[in-house]
Amino acid sequence: MSVRVVVCGALGRMGRRIIELALQDKDVEVVGGVEHPDCVPSIDLGEALGKEELKGKPLTSRLEELLPYTDVVIEFSGNPTAAVGHAELTTLEKKAIVIGTTGFTKQEIEQIKEFSKNAPVLLSPNMSLGVNLLFKLAEIAAKVLKDKNFDAEIMEIHHRFKKDAPSGTAMKLAEILSETLEKKNLVFGRKGEAPRKEDEIGVMALRGGDVVGDHTVYFLGFGERIELTHRATSRDTFAKGAVEAAKWIKGKEPGFYTMFDVLGL
């Protein structure tokens, strides 16, 4: 039986790619899309996206209208406040949700975790296989290099239109390094005339052009350095991961999941 999905942020860059790949998957059915009220035209999802196979599928600003007909909500609205609201609505109806929106506060993440007591929730700042492998490799390297006099730094680059900085992926990397290295002092950008402190982890964000997403973790020692880099050249890597996550989470028990669970990492 196919997985019925609703995509929040259906007309955005990621939403469009998720829908495109979902249409190519025989195990997935797109039942509708959700957008901000200012972005919802008076036409259906098929007309909005130019997809004949989606003609008659609803496009609305009210997720609750579509929940009775869906198994999994894929949340890529790009708006953390809206995403929290969508997570609450979805889990109250005992439906699963996959969240790829980034930029959440710690309090918002705790809210989402609380919602997962009612229904399965998967939250990941990046759903590509490569980035999740980068998360794991960074953790392994940090464990080996801890107390070996190596400094850890993170740099990320994205297109000029990305709203949050640093990216959710960079912040996840920072979280992994901070916990593994037991260094809690995150420094966002550098300026001034002070030397680097031993307990720091630097996080740098660059914005420009059409860069889909580059992330590098640096382990900087004396006489050598290690660089772990992931470069995304297509949003399809993220979109494919979101579709696979939706297929995986259907029927799961209530709880809080990540892409590590999907990928078995």
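Cβ from N, Cα, C; glycine included.
What Swiss-Prot says about this one:
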- H158: active site, proton donor/acceptor (ACT_SITE)
- K162: active site, proton donor (ACT_SITE)
- G9, A10, L11, G12, R13, M14, G100, T101, T102, S124, P125, N126, M127: NAD(+) binding site (BINDING)
- H159, G168, T169: (S)-2,3,4,5-tetrahydrodipicolinate binding site (BINDING)
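A map of Swiss-Prot features onto the structure.
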{"residue": "G9", "record": "NAD(+) binding site", "Cβ neighbours (10 Å)": "26"}
{"residue": "L11", "record": "NAD(+) binding site", "Cβ neighbours (10 Å)": "19"}
{"residue": "R13", "record": "NAD(+) binding site", "Cβ neighbours (10 Å)": "17"}
{"residue": "G100", "record": "NAD(+) binding site", "Cβ neighbours (10 Å)": "28"}
{"residue": "P125", "record": "NAD(+) binding site", "Cβ neighbours (10 Å)": "23"}
{"residue": "M127", "record": "NAD(+) binding site", "Cβ neighbours (10 Å)": "28"}
{"residue": "H158", "record": "active site, proton donor/acceptor", "Cβ neighbours (10 Å)": "25"}
{"residue": "H159", "record": "(S)-2,3,4,5-tetrahydrodipicolinate binding site", "Cβ neighbours (10 Å)": "13"}
{"residue": "G168", "record": "(S)-2,3,4,5-tetrahydrodipicolinate binding site", "Cβ neighbours (10 Å)": "19"}
{"residue": "T169", "record": "(S)-2,3,4,5-tetrahydrodipicolinate binding site", "Cβ neighbours (10 Å)": "26"}
R13 (NAD(+) binding site) and H159 ((S)-2,3,4,5-tetrahydrodipicolinate binding site), distance between Cα atoms, whole Å: 12
Among the NAD(+)-binding set G9, A10, L11, G12, R13, M14, G100, T101, T102, S124, P125, N126, M127, as the record gives it, the longest Cα-Cα distance in Å: 20
T102 (NAD(+) binding site) CB neighbourhood, other CB atoms within 10 A: 23
Minimum Cα separation from G168 ((S)-2,3,4,5-tetrahydrodipicolinate binding site), reported as the residue among recorded positions L11, P125, M127, K162 that achieves it: P125
Rounded Cα-Cα span from R13 (NAD(+) binding site) to the residue listed as 'active site, proton donor/acceptor', Å: 14
Neighbouring C-beta atoms (10 Å sphere around the C-beta of the residue listed as 'active site, proton donor'): 19
